[in-house]
């Protein structure tokens, strides 16, 4: 009798609701239509909810993907479920029946290879690379502009200093030359009139006396 009860329980557990797809280590693209398949017996609840789970991650994944799915259907297609790529995912069938609540069946672990996740990741990487390149270009332009402005300011300062020095030197030399020439000319002009009349006067008097003397002797 005890053996019969044990055998009956074993047969019942084997014949209970069982998920046949996805299979172990199967690659599943959840961004596209994915069909979940199962087998059932008449004693199973008439409906259940479908969850996508991943317990070996942090935080764990426990996402509701379908509600009140009829057990008698034998399959259900989900479409466009968002999930990160990776392994260790499972499908759980969860019952709401008050007489049989909890997990009814659990699939084997499979891998998620969603093209949507890959595309999003690639787009993000591309946007980051573009932003970095733009920042780098902007920084380079700023440095170039700063360097150019500094060089221009330096050149202007040098030119101003050179012109200032040249102007000062020219003015000094001009003033010195002009002053020297003016002083020389003034001195020459002043001394010549003073010296010439005196010389002429002294030469004229002796000459007159000499001529008168010669005339007197001749007579």
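Placed from the backbone N, Cα and C atoms, the Cβ positions cover glycine too.
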Exercise. In Swiss-Prot, which of 69-106, 107-144 is tagged region 'Disordered'?
Worked result: 107-144
For this session: Determine the Cβ neighbour count for residue 85 (N-linked glycosylation site): the number of other Cβ atoms within 10 Å of its Cβ.
Result: 17
